[in-house]
Structures are given as C-alpha cells and as structure tokens.
Ligand code: C5P
C-alpha cells in the first residue's frame, strides 16, 4: 500500500458579498472579496480503494457516494481518462453547511491532489472549469488564494494588495442551507464594490470593508437568529475591527490587526460555539 499524499482545504471567507443580480436559471450574480483562513479540512489520497471521513466535524457527514470529494475525484478521473483506483480520506475540521466553503474546499483540494498524484499537470484554469459544476465556490477554492469573485463564483480576478491581518471565525452550530438563504433575500440588488488597489494596514482594510456588506446577512439572521448573537459577541472582543457573516452563514468572522490577537480573542468566545482564530492560509508557490 502506498503512502498517503495530503492537501490542505482551507476555509473560504467572504470579506464582503454583494448580490448584484440573478440569472434566469436562479443562480445569483455576486461580487465578493474572498480570502482563505489558516484553518481547514485535509484531503488525503493514495493508490488503493475506499473513502473514510474522520476528524472533529466528521459527525455531520457520512462517507457516501455523493460526498464532494468523491464527486470531484470522479469528475477528474473521467475528464482525464484515469482508471487507476484511488483511496481517499477526509479529515473534517470545518463545520458543514456553514458559509466558509468546507465542502467546496474539500472538492477543490481533491482536484489539486489528484492532479498531482496522477501526474496530469493540468493548469489551474482547467481544474477550475471542471470545478464549477461541483459548486459555484469550488473554482475560487481551487485557487485558495485571495481573489475578487464575480459571476456566480466562477469569474475570478486577483484581489487588491492585502495587509497582514488576523481572523476569528465563529459558528453558532446551526447549519444553514445556502438555497434557503438566497431565497429569503429580498429588495434591490447591490452594485459591485469600488475597491482600491490595496491597503496599507488592517485598519484601512476594515474601514473600507465597513462601507460594504454581506447582502445575505439579514436573510440569514431571519432564518437563524443566533447569527446576530455571534456578531454581537465578535464586536465585543477587544481589538475587533470589523464583524460580518461569511457566505450564506452561519459562520461569522472578526477582523483583527494581527493573527496572534485573533487567536487569543477566539479563546474568549463561548466553548459551545465552533471558533478559531489566526492568520491567512498561504499556499506554497
Ligand atoms: O453552487 P452551489 O451548489 O454551491 O450552490 C448551492 C445553491 O445556492 C444553488 O442551488 C443556489 O440556490 C444558491 N446559489 C445562488 N447563487 C450563487 C451560488 C449559489 O443562488 N452564486
């Protein structure tokens, strides 16, 4: 039996999320500045067979055939004409259905990992095109570096130059279904944000982000009132520069000047919540 190869599947955080329109097929057009946190799942693969899910958040997820890791592996094997059997494992650390792209990150990590393991050498854009049918967030997760997201999630552009900053992530342990949150949104569509070329420090970033929104925050609070409690708790933490929900929730983030301050602040939040604090994920290369 060969050794396991591993790939990080970092959490996606939407620093702002404007819903700018809706396509005839019901999918929403978005404008979002996306970053990846230094916490995530891990996908492993080796020559062999089988699929196992383990880790602190594994409970909510069965190792079934429709798991996004397996769907990603099947899609790549089929598109690349690979028939060799592969064994896959998922270490689940991110809460499921929580707005930080856990399932999308897992699918994207599986694509990157198998591209390497099978020696395919597919460029990122080709993996991203294969990724889109697996979920609107999966192309951004294939990149797993800060980006500006447009379209329904597939139109990716480089992010403005980001300063160092810290993040606290908190989930009240309520799963929120993305389609329900989009359905609950009403009112006008937003314009895309006007962002500068970059920010000198975390305070400047937080100030500009403060003028923007997550348009899904209000509908998510309507469906899941604990989101408002989480936001209040984040805002009460010393050093929190901005608190906002990520994606379709219920996970919220706090923005801090430094990773160390964020890690310390996360420890002050109720242990009944899923919580993490630290810096950004930095992919190699
Ligand atoms: O693509 P994904 O499976 O992540 O999307 C789940 C659901 O979220 C979609 O079926 C749709 O209802 C909603 N969605 C949307 N617009 C997006 C992304 C997701 O309306 N850009």
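Using N, Cα and C of the backbone, Cβ positions are placed for all residues, glycine too.
Bear in mind that the values here come from a model prediction, so they are computed numbers and not experimental data.
Here's what TrEMBL has on this protein:
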ACT_SITE  12  active site
ACT_SITE  137  active site
BINDING   95, 96, 97, 98, 99, 100, 101, 102, 103, 104, 105  ATP binding site
DOMAIN    67-143  domain 'GHMP kinase N-terminal'
DOMAIN    204-272  domain 'GHMP kinase C-terminal'
Exercise for review: Compile a sequence-ordered list of residues in the same chain as residue 95 (ATP binding site), six or more apart from it, whose Cβ lies below 8 A from its Cβ; state 'none' when nothing qualifies.
Suggested key: 57, 60, 102, 171, 173, 175, 251, 274
Revision key, fill the gap. Surrounding the recorded ATP site, with Cβ no more than 8 Å from the Cβ centroid of 95, 96, 97, 98, 99, 100, 101, 102, 103, 104, 105 and those residues left out, we find 11, 12, 94, 247, 251
Revision key, fill the gap. All chains considered, the count of other Cβ atoms within 10 Å of the Cβ of residue 105 (ATP binding site) is 29
Review point. Which residues does residue 99 (ATP binding site) neighbour through Cβ under 8 Å, counting only same-chain ones at least six apart?
Key: 14, 176, 178, 220, 245, 246, 247, 248, 249, 250, 251
Study note, to complete from the structure: Mean pLDDT across the domain 'GHMP kinase N-terminal' (67-143) comes out at 96
Check your understanding: If you run through the domain 'GHMP kinase N-terminal' (67-143) with DSSP, how many residues end up as helix, strand and coil?
Key -> 46 helix, 6 strand, 25 coil
Revision key, fill the gap. Whole-Å Cα distance, residue 101 (ATP binding site) to residue 137 (active site), is 7
Practice item. Have a look at the recorded positions (103, 137) and report the one with the fewest Cβ neighbours inside 10 Å. Key: 103
Check your understanding: About how far apart, in whole Å, are the alpha carbons (Cα) of residue 137 (active site) and residue 105 (ATP binding site)?
Key -> 8
Review point. Expressed to the nearest Å, what is the distance separating residue 97 (ATP binding site) and residue 12 (active site) at their Cα atoms?
Key: 12
Practice item. May I ask for the distance between residue 105 (ATP binding site) and residue 12 (active site), taken between their Cα atoms and rounded to an integer number of Å? Key: 8
Point to revise | Long-range Cβ environment of residue 12 (active site), under 8 Å and at least 6 residues apart | key: 34, 35, 36, 37, 100, 101, 104, 105, 137, 140, 141, 246, 247
